[in-house]
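Inspection log for the structure reproduced underneath, given as structure tokens.
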């Protein structure tokens, strides 16, 4: 839901919104606590290793980097939950405590990655390496940890990125929502003006183009949609309007644009939440209150 999701997308290496696996910003699994169990990460077998031989120092670092190399050959056999588990621990080692905003609510994979990393909180790099090595060993117990070290790139590089890349969609297979996600204003404008697409068409979850544009932070596209009579107060299947989306994702400029165009800040979603109640931004809250306050 919008009320539980900001819009930045985490970079696989740095936590920024420039992940080569996600060329645009955008967006999670809504709600819930940030725990391995909630992601199903506790349901698979990642061994804890031999308690009688705990790796330390340079030996641990050596084994960790070797495990990252080995994982490249295990991606096809490891489960998604196992890869999430490993992704989180790799990030904890390389970056430390999760330092990025939660992805927007259309970015389901980004949310899963972020949640898996976030729940580690202050786990030490040493513990993260221990758990990473143990998990990879449980996936490939017979493989030598000394093999395949020549061209190490690490799990945070191509391995994770290839797993979580947004599916490359052929041009002929794209629908109007794909073009909206890409912020392809020219294509959308042409499609709407030629009547090939209804500006208020909805996807399978009741989201129209305006919802998508607000979630992605595409202000210019929002303007174009409004100019083409997009229904500004349309609600998705959870009762959320474009104003809910822009507020939750903390795009103050889009919130202001919507309000100026007549968006209703008093509309509640199915949980009874106003747009003001789904944002943590004081700037946005102030804007919404200005337009909610009784006139005169």
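Quick reminder: no glycine exception, Cβ is built from N, Cα and C everywhere.
Feature annotations, reproduced from TrEMBL:
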- 1-45: region 'Disordered' (REGION)
- 1-19: compositional bias 'Low complexity' (COMPBIAS)
- 60-145: domain 'ACB' (DOMAIN)
- 138-157: region 'Disordered' (REGION)
- 143-152: compositional bias 'Basic and acidic residues' (COMPBIAS)
- 205-237: repeat 'ANK' (REPEAT)
- 238-270: repeat 'ANK' (REPEAT)
- 265-296: region 'Disordered' (REGION)
- 280-289: compositional bias 'Polar residues' (COMPBIAS)
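Listed as Cβ neighbours of the repeat 'ANK' (238-270) (distance under 8 Å, sequence separation of 6 or more from its ends, same chain) are residues 1-7, 104-105, 205-206, 208, 210-211, 213-215, 217, 219, 222-223, 226, 232, 276, 278-281, 283-284, 287-288, 290-292. Nonlocal intrachain contacts for the repeat 'ANK' (205-237), taken as residues 6+ away from its ends with a CB within less than 8 angstroms of a stretch CB, comprise 2, 7, 24-27, 104-106, 176-177, 180-181, 183, 185, 188-189, 192-193, 199, 243, 245-246, 249, 251, 253-254, 257-258, 261-264, 267, 269. For the repeat 'ANK' (205-237), residue counts in helix, strand and coil come to 17 helix, 1 strand, 15 coil, using DSSP. When pLDDT values are averaged over the domain 'ACB' (60-145), the model yields 85.
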